[in-house]
Amino acid sequence: MANVVVVGAQWGDEGKGKIVDWLSERADVIARFQGGHNAGHTLVIDGKVYKLSLLPSGIVRPGKLSVIGNGVVLDPWHLVQEIAKLRADGVEISPESLMIAENAVLILPLHGELDRARESQNSVAKIGTTGRGIGPAYEDKVGRRAIRVADLADEATLALRVDRLMVHHDALRRGLGIEPVDREALLTQLREIAPQVLPYAKPVWKVMNEMRKAGKRILFEGAQGALLDIDFGTYPYVTSSNVIAGQAATGTGIGPGAIGFVLGIVKAYTTRVGEGPFPAELQDADGERLGERGREFGTVTGRKRRCGWFDAVLVRQTCATSGVSGIALTKLDVLDGFETLKICVGYELDGERLDHLPIAADQQARCTPIFEELEGWSESTAGARSWADLPGAAVKYVRRIEELIQCPVALLSTSPERDDTILVTDPFED
């Protein structure tokens with residue numbers, strides 16, 4: 001039996017929600033280990049749609065323990081809203097089904113204000129932040145001035161933490177022309193929200209290790225995608241946390257030896273939200289067609305996603321940096337009806353061919369894609385549940401992807417419905 005880490009292997013929006021839900025039915029624990037409420041995931045269960053951005057996907061399944069690890073930055077007000085919305089939809093949530101790391105960092109209103117002010121004043125190169133305060137919260141964590149969940153339990157400690165935080169933020173706000181933070185108003189907000197958050201606070205590292213020793217199946221749920229990783233993504237157009245699989249251990253307090261299988265979620269084409277390099281991007285009718293057929297709009301922001309052909313170079317890189325054991329290929333059905341498909345197999349930069357994306361942003365922007373053409377198919381792949389249900393050209397497309405990324409397909413998803421999945425390798429039994 002293997003504990004499984006699920007990571008996005010592109011720029012996010014790969015369809016992780018469905019795959020995590022599909023796996024969570026057999027997991028005992030589902031844990032978020034990085035990010036905040038900036039990356040949404042959509043679940044379709046028995047025809048009902050759930051849109052989550054902070055809570056783990058397992059929260060909608062009775063009898064599962066959902067965990068928000070220390071690697072996550074937590075907006076407590078958004079947490080309470082998301083819990084209330086799910087309860088209104090009939091989902092039962094209690095401290096027995098949801099656990100939050102007591103050392104998780106809080107996102108405060110001042111973080112969102114700072115995030116948005118910086119983005120609006122940055123006329124040189126916008127990062128494309130969602131403006132929800134995730135980046136500034138991580139800055140405070142690394143700067144050792146953050147307020148954490150456990151701080152809510154002691155008013156004297158909380159007041160000291162706020163004072164220390166204000167020294168930094170008031171200086172930043174003066175430079176940006178923003179009014180100073182109202183310290184007393186912030187303390188009042190934190191005191192009011194504390195009773196709604198503290199019942200879920202636990203030493204997650206301890207519980208996770210106890211679960212592991214008891215032989216419980218653990219599913220680690222990543223948000224966003226490896227190409228947005230703060231170290232290995234297309235910097236500076238990245239998120240503020242590590243997204244790759246190694247963060248699953250750091251972000252929950254469990255040792256790396258607990259990870260048995262890394263499942264990389266990969267869309268059958270490529271999308272990206274916001275700014276940054278995108279070598280295989282299509283700005284023509286094919287790109288529009290992919291966006292329309294794939295309904296490529298962000299779950300959280302509603303922003304239209306940029307679309308392009310499958311980039312094998314980038315996925316090969318992310319499979320390496322996350323140690324991916326196998327991929328789940330999603331949205332194959334979006335490619336139905338294309339006479340010809342293309343896969344990016346390399347880049348050209350200043351007359352040289354590259355087999356990887358260079359690290360320097362200016363070089364990334366100058367890379368042009370080298371495409372390989374494949375025959376498309378006219379038949380529908382939607383709802384296929386076995387290889388025999390797929391057109392021959394679709395099977396060839398999948399096999400070519402495996403060859404190029406040097407990683408096998410473990411799962412193939414052919415629609416948003418959780419059961420429309422072709423299982424090749426069971427991650428939990430690997």
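Sequential numbering from 1, following the chain as shown.
Here the Cβ of each residue, glycine as well, is placed from N, Cα and C on the backbone.
With ASP13, GLU14, GLY15, LYS16, ASN38, ALA39, GLY40, HIS41, ARG144, GLN224, THR239, ARG303 listed by Swiss-Prot as binding IMP, the candidate from THR130, THR157, THR252 annotated for that site turns out to be THR130. Looking at ASN38, THR42, GLN224, THR414, the binding-site residues in this record, the fewest other C-beta atoms within 10 angstroms of the C-beta turn up around THR42. In the structure shown, the C-beta of GLY12 has more C-beta neighbours within 10 angstroms than that of any other entry among the binding-site residues GLY12, GLY15, GLY40, GLY302. Counting every protein chain shown, the Cβ of LYS304 (substrate binding site) has 12 other Cβ atoms within 10 Å. Mapped onto three states, the DSSP output places LYS18 (GTP binding site) in helix.
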